[in-house]
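Now, the feature entries from TrEMBL:
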- 35-276: domain 'Rhodopsin' (DOMAIN)
- 344-383: region 'Disordered' (REGION)
- 20-39: transmembrane segment (TRANSMEM)
- 51-70: transmembrane segment (TRANSMEM)
- 90-110: transmembrane segment (TRANSMEM)
- 131-153: transmembrane segment (TRANSMEM)
- 182-202: transmembrane segment (TRANSMEM)
- 214-232: transmembrane segment (TRANSMEM)
- 252-275: transmembrane segment (TRANSMEM)
Amino acid sequence: MDDTPWDELPHDDYGPGLLATVWTLIGIAGAFIGLRIYCKFSRGRGLWLDDHVLVASWCALLALGSFISIDVSYDFGKHNWDITPGNWSWLLLYANLSGSFSIIAAAWSKTSFALTLLRITRESSERWMKLLVWFIIISINTFLGVNVLFTWIQCWPVEKTWRTASTPGTCWPKSIMMNYNVFTASYSGGMDIVLAILPWKIIWGLTMTKKEKFGVLIAMSMGVFAGAVSFIKIRTIAAIGAFDIIDTVELVIWGAAESVVTIIAATIPILRALVRDHKAPPARFVSDEESMMRRLGAASIATATVASPGMRRSRSDLELAEWKDPLTETRTGQCNQVPRPWKVGDVKFNPKRGDTMIPPDTFQRGHDEMEYSGSMELSRRLK
């Protein structure tokens, strides 16, 4: 390279393109978070811990974008031979700062999604899953936190990390940082996929229509894309040991993309639940219908916390949890015996006259309500 005439060397400048890409990604993530917060407040919902952590991860992305912008002003995005000699120390300093906040944003965005998963996990039957999710939260933050620490202690004195030429001291071999970065990217990508698979165990057991189940599962499984980005990023980590610093531009972009995709993946299930709540029809069983359901043998009627628009109630909406035939004591929904007349409200039913004992669609409505109940229970946990 030293023997190549300067005018024959490439003189690319990736700085403007880098800034446009990074700030576009940050803007997209901010739009999703803003929509999530707006939907929550417009529905009268408060912010949970996962919301606060997700906002914090976006703030880390803002810091990443700010430091990258400063870094570009010090010639980051150009080839080594095009960088002003006096800019090198500042370029490396802000590169380390942007890299640190990129890692922090990734850790916190993954933590937010894991916290959301904890909210939909039942205490008793899924205790092992809660322990697994907590292990993922702790391990990801530990490994990525150590990654940030290594960025600053790889040289001694610490100042040599960015003042490489003027400060005497020693630094670790670059292979150490490269190998550890590959490990953390692989681990966090693998955990993204695990967190995307876990909702299948939770949601599959809920009483919901297949269409609703798959809709929720697709929304909750968007984390696989974050895992895919983590694995793609691995191939760019080798740029840490490259001679030309311009090779690290792609690593910066994929680092930002990982956090942005995770933020989007963590936001989509919440938005889906909130939008579904807004479109949900009023509950079907209230007042007189509640009395009818009790007479028809609903084994248990549970109150729900889902408010249905456009209808006033003296109590919460009622949803059927289990059906039982009041005449035969079976759960098949078939009426094989008619022991005596009975009535619902002011209407009398006499089987000897051939009166219909149970409305033909009653059991189907009960099944629909159980599916509606399972869907609303999941929405309640998410919101």
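Cβ atoms here come from the backbone N, Cα and C positions, even for glycine.
Note on the transmembrane segment (182-202): residues 103, 106-107, 110, 113-114, 117, 120-122, 126, 129, 132-133, 136, 139-140, 143-144, 147, 216-217, 220-224, 226-231, 233-234, 237, 258, 262, 265 of its chain, located 6 or more positions outside it, place their CB under 8 angstroms from a CB of the stretch. Contact between the transmembrane segment (20-39) and the transmembrane segment (131-153) does not hold: fewer than three of their C-beta pairs are under 8 Å, each pair 6 or more apart in sequence.
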